[in-house]
Amino acid sequence: MDRALRLLARSRCLSRVPASAPGPGPGSSPSGVSRLLLRPPNAARMASQNSFRIEYDTFGELKVPNDKYYGAQTVRSTMNFKIGGVTERMPIPVIKAFGILKRAAAEVNQDYGLDPKIANAIMKAADEVAEGKLNDHFPLVVWQTGSGTQTNMNVNEVISNRAIEMLGGELGSKKPVHPNDHVNKSQSSNDTFPTAMHIAAAVEVHEALLPGLQKLHDALDAKSREFAQIIKIGRTHTQDAVPLTLGQEFSGYVQQVKYAITRIKAAMPRIYELAAGGTAVGTGLNTRIGFAEKVAAKVAALTGLPFVTAPNKFEALAAHDALVELSGAMNTTACSLMKIANDIRFLGSGPRSGLGELILPENEPGSSIMPGKVNPTQCEALTMVAAQVMGNHVAVTVGGSNGHFELNVFKPMMIKNVLHSARLLGDAAVSFTENCVVGIQANTERINKLMNESLMLVTALNPHIGYDKAAKIAKTAHKNGSTLKATAVELGYLTAEQFDEWVKPKDMLGPK
């Protein structure tokens, strides 16, 4: 029986040997079978460990992938905050902003005595972070500590290990460049993360949001001028009102976008104030006199934006009213764009059963069942963006209100939503401009028909026959389905000649 069991075990081992297994080499055991039998049971696990290195934080050792520059604290964060997946990672603009900040801090720290060799390596590695060359080494999600400490350490570890590599050292050794002692020198997560937030927000506003809104403003302004001589009926409460020009109607949209740009720019001076130098609670512990001012100046030079040190670091760490203010300006912008997009799609409704005063560009098929149907898709996309921005602002508002004592602890969520709003509004403004606004045409035949049929032209008679008689004309004409002119003459309130003289749409476009 024992012999049978041994034979069975041997046959099972033989079945596990791959056909391509190499023959015995010098000094090897006599067969592939014996090599397999002699291999320790955890050999596969040990072999897989070759792709990892061991790093340490204050809680102990962790395995870190050899192809990543981050370290133990980043790995621990990925273990502790498995929330949302890849789509919820810290926004890349924040990571790039950290690269700018860490470079500036290293340069200033060198002025205060940091070894130039270490400082230069940090600066080079930080530049790579700022340029987006190391994006794959930042796996952390937004949903972490409210101060952003894990992301600050992720940045410190990546820059440290990349700098170590540049200097020919061993990844994970923290020598000669230490993530805390050197990369994070004179800094705390409590002041670096809000600094990165402001840098990221300012860059996004200048690179995406303001250019997009300016493009939309200019296109709407061009349409306002193009439509300046087209007289149409106005509408209030969605009901017919007195005339105006299509150009005047569009001029309202132009002014809304102009004010949106003005509001956003007005919020920026507070965004340009940087918390760097406040360290843990705003006192500047472990920094040198002048560090905060010098870092802000370096960041300004690196970005070309007028950053300055925050005049009060306690406010800069504990409250993020500046981000709430900027988000509020974007929320107002979203309200404006919602109105503009809705007006344009309603004025373009039809083509035969709607208002039909505007002819909108036809960009793609609109229905999977109704042949030939085309929809106002750019308007719909813009209104959805507006709704999202409004929702983002609610989250930012709640986050901004949660500054507890010396620290706000909703930082990652706040900047995620601020950046999301800025990017969405900027991109949507460009898309709406290029794919809708520039191609809008006026349907003058339809506009003239609706204007001539409107009962509200009777308003021009008020100064001549009084409100009550004018109202009687309008109501009688509506009830009988007759024209204003015929009804006015029939009621004996005026002659046909008087009606033609007093009721002229072109004379109803402004004060006299």
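Just so you know, glycine gets a Cβ as well, placed from its N, Cα and C.
Looking at the stretches 17-36, 357-376, the one that Swiss-Prot records under the feature region 'Disordered' is 17-36. Cβ environment of LYS96 (N6-acetyllysine): VAL129, ALA130, GLU131, GLY132, ALA200, VAL203 lie under 8 Å away, each six or more residues apart in the same chain. Considering only the recorded positions LYS68, LYS82, LYS117, ASP181, LYS373, SER367 (active site) has LYS373 as its nearest partner by CA-CA distance.
The most densely surrounded of the recorded positions SER189, THR236, SER367, SER368, ASN375, judged by C-beta neighbours within 10 angstroms, is SER189. Nearest to SER189 (substrate binding site) in space, judged by Cα atoms and limited to the modified residues LYS124, SER368, LYS504, is LYS124.
Among the recorded positions LYS68, LYS117, SER147, SER368, no residue is found with its Cα located within 10 Å of the Cα of GLU380 (site 'Important for catalytic activity'). Take the modified residues LYS215, LYS504: by the count of other Cβ atoms within 10 Å of each Cβ, the lowest one is LYS504.
For LYS373 (substrate binding site), the number of other Cβ atoms no farther than 10 Å from its own Cβ, over all displayed protein chains, is 11. For the modified residues LYS68, LYS117, LYS124, LYS215, LYS258, SER368, a Cα to Cα distance of within 10 angstroms from SER147 (substrate binding site) holds for none.
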